[in-house]
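Working notes for the structure below.
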Amino acid sequence: MMFRLTSVGCILLVIAFLNLVGLTNACTSEGYSCSSDSNCCKNVCCWNVCESHCRHPGKRTRLQGFFKHRR
């Protein structure tokens, strides 16, 4: 009886530990919203969206975007 109680308690402890590890490693995938770099799996939060790397458009891209919005 004592062995059964100990093994059941051990199994429940392992299940609780695995659930805790699953909750603490949760991170946001690429393309989803974020509030800081630590929320993202790849640790890059650009403009409140998880990205593989931040893209900073150059002058030419900004100018083309400006003319598209004027039409």
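Here the Cβ of each residue, glycine as well, is placed from N, Cα and C on the backbone.
Feature annotation from Swiss-Prot assigns signal peptide to 1-26; the stated evidence is similarity to another entry. What Swiss-Prot lists as disulfide bond is Cys27-Cys41, Cys34-Cys46, Cys40-Cys50, Cys45-Cys54, and the listing cites similarity to another entry. The feature proline amide is assigned by Swiss-Prot to Pro57, with similarity to another entry given as support.
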Does anything in the same chain, at least 6 positions from Cys41 (disulfide bond), have a Cβ under 8 Å from its Cβ, and if so what? Cys27, Thr28, Ser29, Glu30, Cys50
Other than its own, how many Cβ atoms are within 10 Å of the Cβ belonging to Cys54 (disulfide bond)? 9
Consider the disulfide-bonded residues Cys34, Cys40, Cys46 and say which one has the Cα lying nearest the Cα of Cys54 (disulfide bond). Cys46
Rounded to the nearest Å, what's the C-alpha distance separating Cys40 (disulfide bond) and Cys34 (disulfide bond)? Just drop the number here, would you? 7
For Cys45 (disulfide bond) and Cys34 (disulfide bond), determine the Cα separation and express it in whole Å. 6
Near Cys46 (disulfide bond), how many other Cβ atoms are within 10 Å of its Cβ? 15
Does Cys34 (disulfide bond) have same-chain partners at least 6 apart in sequence with Cβ under 8 Å from its own Cβ, and which are they? Thr28, Cys40, Cys45, Asn48, Val49, Cys50
Which of Cys27, Cys50 (the disulfide-bonded residues) has the most other Cβ atoms within 10 Å? Cys50
